[in-house]
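Data first, discussion second: the structure below is written as structure tokens.
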Amino acid sequence: MDEWYGQVAPREKLLKYGAAVLTDAELLAIFLRTGIPGMHVMKMAEYLIETFGSLHGLISADYQTLCAHKGIGASKYSQIQAIGELACRCFSSHLMRESVLLNPGITQKFLQNILSHREREIFLVVFLDNQHRVIRHEEMFTGTISSVEVHPREIVREALKVNAAALILAHNHPSGKAEPSQADRLITTQVIKACSLLDIRVLDHLVVGRGECVSFAERGWL
């Protein structure tokens, strides 16, 4: 991957100017390292991102879907999955060190990274200590493509187990639209009531769509 199209190769460009100036395709090409006969690694990276619509779409693709494309086997699938997992862990480690109230943007990005590509509704809870630092996060309930059944008592039980003082609720809408439903508002109220009996605060409920996130707290619904 020394030169491509007569321009500076992605690796050399990164070393000279920093990773931030590289395109998604250039960053992907560095991970993939090699192309296939008749297709340079940059061409492969561009093709994959164009085919799946975005880097996020590519990383979210399952094994069978991705490996249906020429030149993609277990090795390159593993490399692509590693990109997504590294990004997730990077956000997670940053979130674990931060106060959620001081940096809500990181919290939203972290939850979007986990939930926005999921094909079923997932209800996730972030458990916080009394200084609103993250203790852990847990995907507590898994539903269908259009709904998820949530049990407030199980959330309270888990909060007591980890000695949480506060919670952030989050779930995704696989449809891609993040606008909360009446059912979303109802279950939020039920969780708040269950938690309030034990002085556990619900700081927010985030609904994650495709490329967007709606905060109950920002809308004044809590």
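From the backbone N, Cα and C atoms, a Cβ is placed for every residue, glycine too.
Sequence annotations record features per position, and here Swiss-Prot assigns Zn(2+) binding site to His171, His173, Asp184. DSSP assigns His173 (Zn(2+) binding site) to coil in the three-state reduction, placing it in neither a helix nor a strand.
Positions annotated as domain 'MPN' by Swiss-Prot: 100-222.
Residues annotated as motif 'JAMM motif' in Swiss-Prot: 171-184.
Scoring each of the binding-site residues (His171, His173) by how many neighbouring Cβ atoms lie within 10 Å, the top position goes to His171. Panel annotation: around the motif 'JAMM motif' (171-184), residues 115-116, 118-124, 145-148, 205, 207-214, 216 of the same chain, lying at least six beyond its termini, place a Cβ under 8 Å from a Cβ of the stretch.
According to DSSP, the domain 'MPN' (100-222) comprises 37 helix, 35 strand, 51 coil. Averaged across the domain 'MPN' (100-222), pLDDT in this predicted model comes to 92.
Cβ proximity to the Zn(2+) site centre (mean Cβ of His171, His173, Asp184, cutoff 8 Å) flags the following additional same-chain residues: Glu121, Phe123, Val148, Asn172, Ala178, Pro180, Ser181, Val207, Val208.
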